[in-house]
Amino acid sequence: MAIHKEVSFLAYLLVLGMLLFVSAMEHVDAKACTLECGNLGYGICPRSEGSPENPICTNCCAGYKGCNYYSANGTFICEGQSHPKNPKACPRNCDPHIAYSKCPRSGGKTLIYPTGCTTCCTGYTDCYYFGKDGKFVCEGESIEPKACTLECDSRLHT
């Protein structure tokens with residue numbers, strides 16, 4: 001009887017381990033990314049900016065969609081309304097109530113110039129990439145850097 005309990009327990013652990021392994025593998029994107037074909041001009045990655053001591057100059061209309069804007073005392077003011085790939089025509093006045101923003105991707109620069117192995121696949125999520133002609137190309141698809149192949153990304157016109 002004790003042997004059956006041990007076998008059942010080991011079978012249970014084996015099934016549990018297989019389930020954990022399969023769920024972990026679903027999060028791994030095995031797709032290799034392509035090399036840049038030379039047409040990405042720049043990217044916009046909305047970042048958290050300002051602080052209660054060093055306020056920013058913006059308004060809800062001009063603020064980036066997905067970023068939340070707060071007063072100096074931490075009160076939520078609004079979510080930004082302007083999307084980087086299709087910016088709204090907004091007044092350039094500063095809302096005196098807005099002191100800082102919180103955006104999904106907080107570190108690094110807002111305006112980036114892709115080089116080397118940057119494609120839509122390797123570009124960071126929450127970043128928007130534009131061609132050298134200034135037209136929107138794609139949103140980044142990678143949370144972490146990925147390996148690249150020698151093929152060209154069909155979304156980047158050569």
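Keep in mind that glycine also has a Cβ here, set from the backbone N, Cα and C atoms.
Features as listed in Swiss-Prot:
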type	residues	note
DISULFID	CYS33-CYS121	disulfide bond
DISULFID	CYS37-CYS117	disulfide bond
DISULFID	CYS45-CYS127	disulfide bond
DISULFID	CYS57-CYS94	disulfide bond
DISULFID	CYS60-CYS78	disulfide bond
DISULFID	CYS61-CYS90	disulfide bond
DISULFID	CYS67-CYS103	disulfide bond
DISULFID	CYS120-CYS138	disulfide bond
REPEAT	29-86	repeat '1'
REPEAT	87-146	repeat '2'
SIGNAL	1-24	signal peptide
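Projection of Swiss-Prot feature records onto the structure.
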residue : record         : Cβ contacts under 8 Å, 6 or more apart
CYS57   : disulfide bond : CYS94
CYS60   : disulfide bond : TYR69, ILE77, CYS78, GLU79, GLY80, GLN81, ASP95, ILE98
CYS67   : disulfide bond : PRO46, SER48, GLU79, GLY80, SER101, LYS102, CYS103, PRO104
CYS127  : disulfide bond : GLY43, ILE44, CYS45, ARG105, ILE112, GLU139, GLY140
Inter-residue Cα distance where the pair is CYS138 (disulfide bond) and CYS61 (disulfide bond), in Å: 23
CYS90 (disulfide bond) and CYS120 (disulfide bond), distance between Cα atoms, whole Å: 28
Per-residue pLDDT averaged over the repeat '1' (29-86), given as an integer: 83
Among CYS45, CYS61, CYS138, the most crowded of the disulfide-bonded residues [Cβ within 10 Å]: CYS45
Cα-Cα distance linking CYS121 (disulfide bond) and CYS90 (disulfide bond), given in Å to the nearest integer: 31
Residues of the repeat '2' (87-146) by DSSP state, where helix covers H, G and I: 0 helix, 15 strand, 45 coil
For CYS121 (disulfide bond), the number of other Cβ atoms found within 10 Å of its own Cβ: 20
